[in-house]
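Enquirer: Have a look at this one before I ask anything.
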Amino acid sequence: MFFSMFGAVESGIIFAIMALGVYLSFRVLDFPDLTVDGSFVTGAAVAAMCIVNGVSPIIATVLAAVAGFVAGNITGILNTKGKINPLLSGILMMTALYSINLRIMGGSPNIPLLNEPTVFNFLETAWEKTGIDQFLNGLLTSIGVEVVPGTWIVIFVMIIITVIVKLITDYYLKTEIGLALRATGDNEKMIRSLSANTDTLKIVGLGFSNGLVALSGALIAQNDGFVDLKSGIGMIVIGLASVIIGEALFGKKTIVRTTLAVILGAIVYRMVVTAALKVDFLETGDMKLISAILVVAALVTPKVIATVREQKRRQRKRIDLNNKAKGA
Amino acid sequence: MLYLSDISVTFNEDTPDEKKALQDINLTLEQGEFVTVIGSNGAGKSTLMNVVSGSLKPDIGTVKINNKDVTPLPEFKRSNYIGRVFQDPMAGTAPSMTIEENLAMAYARNKKRRFRIGVTKKRRELFREYLNTLHLGLEDRLNAKVGMLSGGERQALSLLMATFTEPNILLLDEHTAALDPSRAELITKLTGDVVEKFHLTTLMVTHNMQQALDLGNRLIMMDKGQIILDVSGEEKQDLTIEKLLQEFQRIRGEQLVNDRAVLG
Ligand SMILES: Nc1ncnc2c1ncn2[C@@H]1O[C@H](COP(=O)(O)OP(=O)(O)OP(=O)(O)O)[C@@H](O)[C@H]1O
Ligand SMILES: [Mg+2]
């Protein structure tokens with residue numbers, strides 16, 4: 001159990017970057033952007049092709065994010081200049097990206113990365129010298145955990161990258177441009193009357209969002225050791241699940257808090273899915289179904305709880321009133 | 001100053017729904033002039049405001065602000081010069097953002113937005129000072145989400161946001177119409193104060209004739225897309241609601257049938 005949960009946290013943190021991207025489009029811009037299913041794979045494919053062709057993994061990862069940025073820009077242009085509705089713009093871009101991704105991958109739907117350098121094994125020699133693995137695994141063994149993780153480097157690297165991405169996002173959303181971006185999702189007419197070019201804001205905002213999604217895709221590919229053309233299917237639902245679960249569990253009072261909630265939401269989501277797959281009756285193929293059910297649950301439960309609470313409150317008031325009437 | 005020449009707008013041209021919303025409008029506002037605009041429903045008042053703000057392009061005609069032809073400029077570029085308050089109190093602010101964030105966005109209206117923090121310590125002090133002038137206690141709620149404010153508070157904030165950067169033109173379209181009488185009075189008073197303080201060139205639409213008479217130094221009446229009456233100076237000071245209604249009847253040869261306008 002520990003071992004599989006360790007894996008869940010590991011990939012949860014990587015998916016958290018994708019979830020932050022979805023947060024930017026879905027919540028900040030109020031733009032349900034389905035480009036994500038395509039741009040995730042675009043990131044993975046660009047990174048993989050670069051690495052296979054001898055580019056340094058760090059540069060490959062950066063290029064992947066840039067590719068995602070451009071994909072988001074195009075969705076934004078379709079929506080603002082082409083006046084195509086947001087959902088349809090995303091679906092069109094996602095569909096187009098499927099073919100483009102296959103082109104990037106040189107026509108093969110799967111690219112292995114097994115013996116290639118990655119951002120994770122790049123630092124491995126330095127990492128081994130620190131002895132953190134032995135130390136942490138020693139701790140685990142001493143508390144009775146039998147199967148210990150091979151290495152902690154992925155978690156450490158990912159925490160650093162995710163924290164940096166979170167801090168940049170927090171800062172960005174508080175700048176003058178960031179405020180205008182948030183207002184574009186909140187009250188577009190108003191921010192236009194305050195001389196902001198909402199078209200440009202949307203195009204750049206969607207670029208930033210999909211840049212993060214592609215970055216996440218590039219890192220997942222390097223962690224998994226392969227890219228699959230179909231790995232992006234349902235990615236938007238996973239992103240939404242993370243955002244909604246995170247907000248429900250950890251609150252959304254301020255931007256700083258919400259971005260943290262989204263990251264934690266992505267990790268919780270992975271852990272729930274991992275736990276669900278332990279149930280004998282469920283199979284790996286059921287994952288998308290579980291995701292969809294989780295999103296529905298996270299959306300509906302808070303409302304049901306609020307309604308029930310409100311009903312109880314009213315009932316209590318009525319009973320109080322009755323008692324008072326009897327007493328008088 | 002604002003200069004409108006030969007502005008015409010027709011909606012749904014060459015269809016049975018054709019509507020000449022503005023016909024050959026010529027209007028010049030000198031710097032610091034405060035013009036109130038009245039007229040029955042559908043007279044073209046909002047259309048006129050939209051043409052000035054740039055959210056609507058006239059079919060023909062020219063809009064100049066400070067002698068600069070702004071006719072081809074899109075709305076977001078023109079709003080460098082224009083402050084605007086809408087009728088709907090929800091329209092002028094971003095509800096899920098805080099009071100100080102909203103003010104910061106208004107502060108950036110006539111500047112280039114950059115990747116630098118929007119709400120700095122210095123600006124927060126400035127915002128607090130401005131909010132003080134509203135006497136609504138908003139200066140102590142800088143971090144409250146604007147969606148939590150009442151309609152009147154939101155409208156007061158919108159008015160502040162539209163004016164504190166001292167725009168060349170201020171546009172107010174029935175900005176007190178959605179408020180209860182006491183709130184409306186408060187906003188009316190604030191409007192008078194702020195226009196005077198910054199000496200703003202203002203165009204204010206209202207259905208409240210008394211308000212139109214009390215505020216401003218010039219009054220225009222619109223009907224069927226035309227300006228049918230334009231009074232200023234002493235002549236405006238001597239106007240009464242009675243006289244306005246008589247005037248309308250004289251010009252149009254018909255009764256001004258509009259409950260809102262008559263009762264207002
Ligand atoms: N986008 C539009 N499409 C078609 N017709 C329009 C449009 N906007 C306004 N009109 C018509 O143009 C005319 C003038 O409208 P406008 O909104 O300027 O009137 P108004 O003077 O502001 O009236 P009110 O006092 O009711 O606000 C009306 O007959 C209206 O139906
Ligand atoms: Mg109107």
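Indices start at 1 and increase along the chain as displayed.
Just so you know, glycine gets a Cβ as well, placed from its N, Cα and C.
Quick paste of what TrEMBL says about this protein:
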{"type": "TRANSMEM", "residues": "A:7-26", "note": "transmembrane segment"}
{"type": "TRANSMEM", "residues": "A:46-72", "note": "transmembrane segment"}
{"type": "TRANSMEM", "residues": "A:84-104", "note": "transmembrane segment"}
{"type": "TRANSMEM", "residues": "A:152-173", "note": "transmembrane segment"}
{"type": "TRANSMEM", "residues": "A:200-221", "note": "transmembrane segment"}
{"type": "TRANSMEM", "residues": "A:233-251", "note": "transmembrane segment"}
{"type": "TRANSMEM", "residues": "A:258-277", "note": "transmembrane segment"}
{"type": "TRANSMEM", "residues": "A:289-308", "note": "transmembrane segment"}
Enquirer: At a threshold of under 8 Å on Cβ distances, which of A:7-26, A:46-72, A:200-221 pairs most often with the transmembrane segment (A:84-104)?
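Expert: Counting Cβ pairs under 8 Å, the winner is A:46-72.
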Enquirer: Are there 3 or more C-beta pairs under 8 Å linking the transmembrane segment (A:289-308) with the transmembrane segment (A:200-221), counting only pairs at least 6 apart in sequence?
Expert: no
Enquirer: So which of A:46-72, A:152-173, A:233-251, A:289-308 has the most C-beta pairs under 8 Å when paired with the transmembrane segment (A:7-26)?
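Expert: The stretch I would name here is A:233-251.
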Enquirer: Take the transmembrane segment (A:233-251) and find every residue of the same chain, 6 or more past its ends, with a Cβ under 8 Å from one of its Cβ atoms.
Expert: 15-16, 18-19, 21-23, 26-27, 33-34, 36-37, 40, 213, 257-258, 260-266, 268-269, 288, 291-292, 294-295, 298-299, 301-302
